[in-house]
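*Asks:* Can you keep this structure in mind? I'll have questions shortly.
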């Protein structure tokens, strides 16, 4: 684990002391090396799949998320260059330092060996993200979005802190492996339902579950490109990772507590998918689509079957790659047309034909075209939900149809139709942008060929 963490920490002095003309090149090249090195964690050597020491461990659940975090850092750095073009060198350094410090916190969170350490790092990720949104966002509403993001996440996670202190007092330890391997770790009492709610609330807000999702579209729409990418790909997955870790400990005592939340998650998927159909703002549409996909992950995690766990883990990785690609594509349009309104940026297929190909591939991946990893994860979740209740098949089937409709609606709105007059003077695309798209799509294609790498601990 340290072979990834220490080089990432060393990015901080590299960014601080590089000359201004070498700063982007050094940080991009070095972070690409780190992401290549992180691929080694996918190869679990021991029988249990645990690379373990006293502070950090990786297993088949955390490894894919670690690799995803490392993989997206160079892409975020490359994607931000145009956005920061007119900023001073000091501000550029500050931006990159915030991104790298966020990356360090995420790497430590996904490999934390104790729940309290995970909680502290979970909260630490708030600070750099908030600064990135509030300082480098696009519109003045960014301060409002930052406040929503901060208070939703903070208020949701305070009960978790109380629950962890209570569990520490009862069990004497918050070690993830120890609690996972202990049969029935928590005593059965009337307060267990409250304990379950306290533990889950932080993660359900972070996912976010429908009903607690109001902070997400605001944060996504106002964040700069790197903020949107890290938020969609990794910060939402902190919630899913937390649920998958803690649900095993809470499992025997409060199985009934999960039922209303499974129903809310499946209903929320339909609602947010329907909201996508009437969006005019491109980034807002992609943000609501994230809420819909995360509803699938919540439902699959709470059903607690091996297929559900595998589907949830695969969906988190597939969604991380697909939604960041869509946000990056939306940003290429925004950089040229200075608008996110889909009516104003239609007909771009004529001007940017290669970018149109990336739009097509990203939209098809988002709707779960066979044989992509998105479809594999969706099928696993549908099977596990069907085993829980036959009626969920209606809701999940309807959600799949609506997802296909809004993905194609997004594609046709942006790429087809009559061009607007201000689209005629659009700048051509850069090789850098095409490389970012290729590096999003390449893992999706490779994981389609070998999905067992990201199916998690239940495989």
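Keep in mind that glycine also has a Cβ here, set from the backbone N, Cα and C atoms.
According to Swiss-Prot, the protein carries these features:
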type     : residues : note
TRANSMEM : 22-42    : transmembrane segment
TRANSMEM : 65-85    : transmembrane segment
TRANSMEM : 96-116   : transmembrane segment
TRANSMEM : 117-137  : transmembrane segment
TRANSMEM : 194-214  : transmembrane segment
TRANSMEM : 230-250  : transmembrane segment
TRANSMEM : 256-276  : transmembrane segment
TRANSMEM : 284-303  : transmembrane segment
TRANSMEM : 308-330  : transmembrane segment
TRANSMEM : 350-370  : transmembrane segment
TRANSMEM : 391-411  : transmembrane segment
TRANSMEM : 435-455  : transmembrane segment
*Asks:* Which stretch, 96-116, 230-250, 284-303, tops the Cβ pairs under 8 Å count with the transmembrane segment (22-42)?
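*Replies:* Stretch with maximum Cβ contacts: 96-116.
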*Asks:* Using Cβ atoms only, state whether the transmembrane segment (194-214) and the transmembrane segment (391-411) have three or more pairs under 8 Å that are 6 or more apart in sequence.
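*Replies:* No, the stretches stay apart by this measure.
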*Asks:* Taking a Cβ cut-off under 8 Å, which residues six or more beyond the ends of the transmembrane segment (284-303) line up next to it in the same chain?
*Replies:* 204, 207-210, 213, 216-217, 220-221, 232, 236, 239-240, 243-244, 247, 258, 261-262, 265-266, 268-269, 272-273, 275-276, 309, 311-312, 315-316, 319, 323, 326-327, 330, 340, 342, 366, 378, 380-381, 384-385, 387-388, 392, 396, 399, 403, 406-407, 410
*Asks:* Test the contact criterion for the transmembrane segment (230-250) and the transmembrane segment (96-116): 3 or more CB pairs under 8 Å, pairs 6 or more apart in sequence, then answer yes or no.
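*Replies:* Stretch pair touches.
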*Asks:* Which one, 65-85, 96-116, 256-276, 391-411, 435-455, has the most C-beta pairs under 8 Å toward the transmembrane segment (308-330)?
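*Replies:* Stretch with the highest Cβ contact count: 435-455.
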*Asks:* Ranking 65-85, 96-116, 256-276, 391-411, 435-455 by the number of C-beta pairs under 8 Å to the transmembrane segment (350-370), which range is first?
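*Replies:* Ranked by Cβ pairs under 8 Å, first place goes to 391-411.
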*Asks:* Under 8 angstroms, Cβ to Cβ: which one of 65-85, 391-411, 435-455 has the largest number of such pairs with the transmembrane segment (256-276)?
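*Replies:* When the Cβ pairs under 8 Å are tallied, 391-411 comes out ahead.
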*Asks:* Using Cβ atoms and a strict cutoff of less than 8 Å, what residues sit near the transmembrane segment (96-116) while being 6 or more residues removed from its termini?
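*Replies:* Tertiary neighbours of the transmembrane segment (96-116) are 1, 4-5, 8-9, 11-12, 15-16, 23, 27, 52, 54-58, 62, 65-66, 69-70, 73, 76-77, 80, 122, 124-125, 128-129, 131-132, 164, 167-168, 174-177, 179, 226, 230, 234-235, 238, 241, 245-246.
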